[in-house]
Amino acid sequence: MKKEKTVQLKWVALASLLNNTGAAFIWPLTTMYVNKYLGQTLTTAGVVMLLISIAMMAGNYIGGWLFDHWSSYRTALLGVTCSTIPIILLIFIHGWPWYAVLMVINSFSDGINMTIVNSYGTAVANHPARFVFNYIYMAFNVGVVLGTLLVGVLLPISVVLVFSVASAFYLGLTLMVLFTFNIEVKSIGQQRSKPGRRIKGRSKFIALVFLILINVMTIHISYSLWESVMAVHMTNMGIPFYAYSLLWTLNGIIIIIGQPLVNKLSPYMRLSTQIVLGILIFASSFFFLIFAHNLVEFVIDFVVLTIGETLSFAGLPAWITQLTGTANAGHYQGLYNIVISVGRAIGPLYGGYVIEHGNYQELFFSVFMLMIVTLMFVGIKLFHIHQQQAR
């Protein structure tokens, strides 16, 4: 097969779109499907989500290691192939416990895919990293819009139809990676990190990177509540599942519209400032969630959350790349995706525990405080670094 010469942003973005369209058919309904369709308890559903996230963590780490030490192209093929097969099998086998088993395998492979997409993104040489990751994140959200919109329509018809259409997107991803990712990108990434162009004393930023990663973990502990217990919470309040599904569609549409506007901020606002502001807005949505009791209030709150997400999420991988360089792109992008998976593993279990022993209001306030406290440590470290650079 003909080997490509350079990494093309359009193919990396399309991989993100196809992967996340297929995945968005599955993750919004996992907790509800296990609880309502398969007759398992919310605690059992939380354990399934935990196992899914642990599998994704393992995939993130292994994907990053293989990217740096083996072959970027073969790692990409491994990830997409192993994520596609379980989704196809779900068409025929989707009872308990096989649904959970196949979802764990799919999530492990999707963990590889996530790291590979970000790592290939660091190797796009003809655009700045900030632009690349904003573009990839916009493609990610086009996928979320398509997937969540379609699953809300298809699930009432047949769960088999949901898995069939998801399989089509995963098959498309596999074919696209087979024909367009045939390039070893390590040398491209190193071109960006030539000794003469590297930031001197980069090691002093590593502590900041790890504080950022801890904050990212708390963000995804919080975000995972929307992906898990919130579906049950809203349906228990008499709000139909399709309305919950449409919230994710709204989320994606706002991000698609807002991301090009965020790109225009780069000449006027430092990336770190933009991200911190976005996280503050995102965290505030969980405080406001304490007072949400009907669909309109949930919609308003989700719009606030989405504005914060638009300002911060796409920039985080680019910020980490700025701080660490690209010589170890697979390692740091893998770590970034691992902490996301850790957050997504803890969130549903933590949410289920707090709800069983307290209430939703206590849950929302606790995750709000987690995000604010960890962001405060990031801000303090960032302030100290800026002071040192000013001397």
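Even glycines carry a Cβ here, placed using N, Cα and C.
What TrEMBL records for this protein:
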{"type": "DOMAIN", "residues": "160-391", "note": "domain 'Major facilitator superfamily (MFS) profile'"}
{"type": "TRANSMEM", "residues": "12-30", "note": "transmembrane segment"}
{"type": "TRANSMEM", "residues": "42-63", "note": "transmembrane segment"}
{"type": "TRANSMEM", "residues": "75-93", "note": "transmembrane segment"}
{"type": "TRANSMEM", "residues": "99-120", "note": "transmembrane segment"}
{"type": "TRANSMEM", "residues": "132-155", "note": "transmembrane segment"}
{"type": "TRANSMEM", "residues": "161-185", "note": "transmembrane segment"}
{"type": "TRANSMEM", "residues": "205-226", "note": "transmembrane segment"}
{"type": "TRANSMEM", "residues": "241-262", "note": "transmembrane segment"}
{"type": "TRANSMEM", "residues": "274-292", "note": "transmembrane segment"}
{"type": "TRANSMEM", "residues": "298-320", "note": "transmembrane segment"}
{"type": "TRANSMEM", "residues": "332-351", "note": "transmembrane segment"}
{"type": "TRANSMEM", "residues": "363-383", "note": "transmembrane segment"}
If one takes Cβ-Cβ under 8 Å and requires six or more residues beyond its ends, the residues near the transmembrane segment (274-292) are 215, 219, 222, 262, 265, 298, 300-302, 304-305, 307-313, 315-316, 319, 361, 364-365, 367-368, 371-372, 375, 378-379, 382
Top stretch by Cβ pairs under 8 Å to the transmembrane segment (161-185) (candidates 12-30, 75-93, 132-155) is 75-93
Stretch winning on C-beta pairs under 8 A with the transmembrane segment (241-262) (pool: 42-63, 132-155, 298-320) is 132-155
Per the Cβ under 8 Å criterion, with at least 6 residues separating them from its ends, the transmembrane segment (75-93) contacts 19, 22, 26, 59, 63, 66-67, 99, 102-103, 105-106, 108-110, 112-113, 116, 120, 160, 163-164, 166-167, 170-171, 173-174, 177-178, 181
Same-chain residues at least 6 beyond the ends of the transmembrane segment (298-320) with CB under 8 Å of its CB atoms are 118, 121, 129-130, 132-134, 136-138, 209, 212, 216, 226, 234, 239, 247, 250-251, 254-255, 258-259, 262, 271-272, 274-286, 288-289, 292, 332-333, 336
